Amino acid sequence: MWSSLNEWLWQERFWLPPNNSWAVLEDRDGLVYAHPQDMLMALPLALALVAVRFTFERFVGLPLSRWLGVRNQTRRPVKPNATLEKHFLTEGQRPTGPQMSLLATQCGLTLRQTQRWFRRRRNQDRPCLTKKFCEASWRFAFYLCSFIGGISVLYHESWLWTPVMCWDSYPRQPLKPALYHWYLLELSFYISLLITLPFDTKRKDFKEQVAHHFVTITLIVFSYSTNLLRIGSLVLLLHDSSDYLLEACKLFNYTHWRRVCDALFIIFSLVFFYTRLVLFPTQILYTTYYESIANSGPFFGYYFFNVLLMTLQLLHVFWSCLILRMIYSFIKKGQMEKDVRSDAEESDSSDGEAAQEYPQLKNRAAHRPGAAPTDGPRSRAARRMANGHTPAT
């Protein structure tokens, strides 16, 4: 049964253009071609990258964060409370107003004490600043090395400057060792990101990140198996060109080097928009959709590859919207405040919860302990003055 399934899966009509067979991709006369089984080496290499990552974060990222003055915010511990803990884990981390009042009654606490308990409990689950710095430092180091490596591998290749050359003599395109090692390293890195995903900082675009990793891994494996290495290498290099700038921006944001962070954010935004919203659709998508079948008819791999690339483009648009929100905040406030994908640390005094505890009146005056009564003569006079009437003398 397994052999039948394997034979069906590797039918040439799925993977190769019409009138081509796996025989044309057999190594001969000193020429080496890409073979799907080569990608199996990415699995042990991904595990090795996970070990390298934790070593890097422990002995490089952590000391570097301390040297640059990254300090974790002090968090007050919560008092053990079985009822509140059960609700936090099963019902949700942010109870509604009626739920909060009911929980406060059940536990014999005031509403403010219950709100403070949930606020501090949420802070406990948020990653500390040092952890974020170490993660960003590892990704920055890898993306920068990968981008430099990709430039060195592709700089002298014709298809880097003329994407239509990606289809020259396709699929009879020999594999160069440098391109193979770079491709294998990229695949191993994205697999390692999936392995460590449960332990990494979870952001608001967590689902989109998971989708991006799966699409990227599928693209790398599929492009290697079908010898689409040329166009695949352009996609990888295009993404690496802005990823290391984003991680560098995060690093300087965590160290509170505002001016450097702001400058890097502007550079990153320009590079991101140009590579993901201009070059990617006009060069990558255009050549894969039109020029790839100029000399041959479409096949299953053609449609599958283009669907994956379009999925990437949709993710580009999604992240572009988030960047535009950050740019709006940057223009409005004059500096980068935070990544809109991250949850901010909550202080012990929350304006939103204070407003719930002291509801506002229609005239925007709030009941607070020790506040003057709002139905006395002085209050009525104040309301008349606020409405444009002066008290009679």
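Note: Cβ is positioned from N, Cα and C throughout, glycine not excepted.
Curation does not apply to TrEMBL; its annotations are automatic.
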According to TrEMBL, which stretch among 42-85, 86-129 corresponds to the feature DNA-binding region? 86-129
Would you kindly list the residues that approach the transmembrane segment (180-199) from elsewhere in its chain, counting only those six or more residues past its ends and only Cβ-Cβ distances under 8 Å? 34, 38-39, 41-43, 45-50, 53, 142, 146, 149-150, 153, 209-210, 213-214, 216-217, 220-221, 224, 229, 232-233, 236
For the domain 'Homeobox' (84-128), what is the mean per-residue pLDDT, to the nearest integer? 81
